[in-house]
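Input: a single structure, listed below in structure tokens.
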Amino acid sequence: MLTKRIIPCIDVDLDEDGNPAVYTGVNFEDLKYTGDPVEMAKQYNEAGADEFVFLDITASADGRETMLDTVSRVADEVFIPLTVGGGIRTKDDIKETLRAGADKVSINTAALQRPELVEEGAKAFGNQCIVISVDARRRYDEEGEFYADVDGESCWFECTIKGGREGTGIDVVEWAREAESRGAGELFVNSIDADGTKDGYDIPLTKAVCDNVSTPVIASSGCGGPEDMYEVFTEAGADAGLAASIFHFDEYSIQDVKSYLDERDVPVRL
Amino acid sequence: MSTTHPQEETLADVVVVDYGLGNLRSATRGLERAGANVTISDDPDSIDEADGIVLPGVGAFGDGMENAGPFREALVDAAENGTPVFGICLGMQMLLTSSEEADKAGQGDVEGLDLIPGTNVRFKEGQKVPHMGWNELDVQRDHPLVEGVDGEYAYFVHSYYAVPDDEETVLATTDYGVDFPAMLANEAGNVMGTQFHPEKSGETGLQILRNFVEYCAER
């Protein structure tokens with residue numbers, strides 16, 4: 001039986017000396033240094049992670065070269081699927097990233113701005129390596145396409161850019177369907193509302209996407225522990241759950257999460 | 001052609017066929033970790049001296065066969081001479097005779113390598129496609145490739161699966177709505193494949209790569 005995937009994610013920036021380093025958000029904004037990306041990837045691999053997501057948050061040209069080198073070093077050590085995101089804007093960026101050793105690339109803003117990029121990437125490299133990432137935000141007005149009932153209120157989900165600081169007016173579910181029809185192989189659903197709260201994933205959001213696409217969905221943002229993973233798999237129908245700080249700060253191990261799920265009959269790779 | 005240099009003493013010389021598709025880095029590193037001296041080659045003439053040949057692959061059947069076209073004769077010769085040939089993912093599907101995928105893509109009858117007679121079909125409606133993620137291996141019969149992997153998990157990404165004419169070629173199955181062949185080998189045993197990616201399947205995958213490299217070394 002196909003198992004639910006547990007995926008640790010690292011945000012990688014350059015430190016003061018220009019070396020790649022993992023930073024983890026604490027209470028929304030403060031970033032705390034948490035380790036060396038290659039070492040952390042090795043540890044998560046050994047700990048039983050099902051995949052690994054590496055997000056380049058440098059957003060600079062200099063940083064990009066260093067990041068590709070780091071991706072290669074991670075890929076040489078870690079024999080599980082590796083998804084790389086951050087700053088991927090063109091078909092050439094996709095090619096470079098895959099060549100560095102990524103199995104999949106995660107594309108966010110660039111795909112919203114130019115949806116043809118999804119087709120170009122899928123056609124050239126296969127659907128399976130094109131992951132479309134969205135940063136969703138709840139909106140309670142009348143401008144969306146797909147509405148969900150959240151605590152008795154009707155709301156829709158808007159795609160945002162720039163870390164949630166800017167709205168696009170595009171409905172997340174509508175965009176997910178479009179990305180799928182253009183060839184996305186997987187959808188990576190982040191929630192601006194849930195991010196950093198550790199109060200659990202945005203279930204109505206994740207469910208709305210899962211109910212409207214047949215592409216695998218990775219739920220992200222808000223995970224505070226195993227019970228949140230359980231909820232997003234059983235109530236929203238996600239295929240994979242992503243988490244960062246609970247793993248980085250050793251609050252829970254990957255095995256803690258998997259044991260919890262296994263005891264409750266959610267299929268996992270033990 | 002490029003040769004990589006692993007640190008430890010190697011057991012066998014393995015050629016990874018580079019026909020222009022996919023990321024060969026992980027497969028190469030995985031084989032090296034398993035004890036192989038790996039050569040990545042886009043030259044069909046280079047494969048006849050190898051102890052083993054790996055046919056990787058992602059993407060579509062028609063494109064794969066088109067790009068691998070120049071290797072067809074060399075691969076068939078090597079297989080008939082008893083050289084171990086290992087197809088990964090699309091590389092395994094290409095070992096069979098045909099695929100529904102080429103028909104669906106309007107490419108008509110694209111001929112596979114026909115080293116393991118059979119075809120490849122798409123998962124039925126009602127299952128999420130692609131079948132993506134970790135799923136369990138249920139070993140069906142003995143072969144050096146399946147040593148130590150019964151009941152373990154491997155990483156799959158595919159929309160089509162193999163249906164060999166001879167059920168005896170099925171080494172292991174996996175359940176995704178249907179029990180489909182996860183690992184195959186021909187009657188002689190030297191042509192084999194995995195539908196999943198051993199180079200992405202953690203310790204289980206490395207075990208399979210070690211099994212392959214040891215099989216190459218023992219020949």
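Glycine is treated like the rest: Cβ placed from N, Cα and C.
Copied over from TrEMBL:
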- B:CYS89: active site, nucleophile (ACT_SITE)
- B:HIS197: active site (ACT_SITE)
- B:GLU199: active site (ACT_SITE)
- B:15-213: domain 'Glutamine amidotransferase' (DOMAIN)
> If you measure B:GLU199 (active site) to B:CYS89 (active site, nucleophile) at Cα, how many Å is it?
Replying inline: 11
> Given B:CYS89 (active site, nucleophile) and B:HIS197 (active site), what distance in Å do their CA atoms have, once rounded to a whole number?
Replying inline: 6
>> Say we define neighbours as other CB atoms within 10 Å of the CB. Which of the active-site residues B:CYS89, B:HIS197, B:GLU199 has the fewest?
In response: B:HIS197
>> Averaged over the domain 'Glutamine amidotransferase' (B:15-213), what pLDDT does the predicted model reach?
In response: 92
